[in-house]
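This report concerns only the one structure given below.
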Amino acid sequence: SLATARKPRTIPLQASPEMATTPLLSGKQVEEDTMPPLHGVVVIALPDHAADGGRDSPSRSEPAALRRAWRLLRLATAPLVVLAAFAVAAHCYGLYSFSFSGGDDWKWGEGRASSFLLPLHPKPKPAGVKAEDSTTAVLPERHYFTSINIGNPARPYFLDIDTGSALTWIQCDAPCTNCTKGPHPLYKPAKENIVPPKDSHCQELQGNQDYCDTCKQCDYEIAYADRSSSAGVLARDNMRLITADGERQNMDFVFGCAHDQQGKLLDSPASTDGILGLSNGAMSLPTQLAKQGIISNVFGHCIATDPSSSGYMFLGDDYVPRWGMTWVPVRNGPEDVYSTVVQKVNYGGQELNVREQAGKLTQVIFDSGSSYTYFPHEIYTSLIASLEAASPGFARDESDQTLPFCMKPNFPVRSVDDVKQLFKPLLLHFSKTWFVIPRTFAIAPENYLIISDKGNVCLGVLDGTEIGHSSTIVIGDVSLRGKLVAYDNDENQIGWAQSGCTRPQKASRVPFFLSRALRSQLL
């Protein structure tokens, strides 16, 4: 039951005869023993010099310089008062949400979009061909995956997170032509789950082409940079997510029912059931949820620095830090990828851009579906030259096929911690904010070096020409570790901040030094 708020009655205060004849304030301080008893009245006694501004303000008899200093002090504190007011307003906006649906009452938190927190898990190293048994490089894949519940009743499926593609797909018994054995049984759609060609999602996926009047399904085929591919039909089914508060929410989700995989997608054994598309395309999971009003079109991930550790991802903006983030704008283009431009790339203090690219902007793509980071050929070769010059105690070992560039140290190495202090960070310099504040994406040595089974130090940055990106930087999983990365499709920007990625916290809308004081005052 709800209590109904009533308008309080105003009762006029009646003065007694003693009150009417007795002055409340006088030029002299009121003595307590002569004060008559007053009921419902607060008596304030002021000193004689109160009319001159009190002790805290300079009197008229004081020098003019002191009065000017007092005015300057008040002017200086005015901006702080304004900033505090904005902080209080922002904090109130985060704590309270008002509903304007026609009712007179409001509820705590009602009307705000939800946010969902999902754990991330690293894929185990595949058991198969060893690097020393092959004549070509065998790149160890280190994708990260999460669990999504789909169907009625809902069943879990492990999906690789991929910010470089829009379509989510699950291996499907439709029947399946080329599927690998995954951790869960194949998804089997009912007839009513198949999306027809006239559906808006089908037209969006196929580029609004003329649909087939006689067709009963919407076919798709998607190709990846590593020359693998997936083909199938679109399906619509129930997806269940659990909020950070433990509330279950069911929603419609359109995804690919994949029955024909090619290339590396057929690597066996597979530890996942498909791919979770997270790009800024219309078919991606964040965009679909945002169109239904379930979340704001914001998501992010935080991958722990330790490759054996996990991390988390989130859907919605509750876990995006309001302070300490570095933001860069996303470029609009024909491809549904998160790309921006970088002005220069440094190895420590040494610039890696060659003369032909000096002064030119290089495109940067954030792709969690890529295990490694890729540099344009010129920058890649310049980086290798810098590493060889800065590491005289290391010799290049071409017999190690773990990665294209590996060096053999002159001392035993068990982990990156043994050598990271000998190398410098990679620095991607973006345009400055307001032409003053620098914006830099720093890749620490432990986030671009990999220790092979032979104990060699290998470079986790590859030549972009191998995947068709001869002039583009692709930032993959290896360089995204140790950072909280947020993708804000509402504001069309990407942001990042250093993080241990172990304890996800809902973001405060005020700086940490004001948060406790404001919260205690408001609550």
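Every residue number used here counts from 1 along the chain in the order it is shown.
Even glycines carry a Cβ here, placed using N, Cα and C.
Values in this document were obtained by computation on a predicted structure and should not be read as measured data.
Taken from TrEMBL, the feature transmembrane segment covers 75-96. Residues annotated as domain 'Peptidase A1' in TrEMBL: 144-497. If you look up TrEMBL, you'll see D162, D367 marked as active site.
Around D162 (active site), a 10 Å sphere centred on its CB holds 24 further CB atoms from the protein chains shown.
Looking just at the domain 'Peptidase A1' (144-497), the mean pLDDT is 89. A gap of 7 Å separates the Cα atoms of D162 (active site) and D367 (active site).
Every protein chain shown contributes to the tally, and the Cβ of D367 (active site) ends up with 25 other Cβ atoms within 10 Å.
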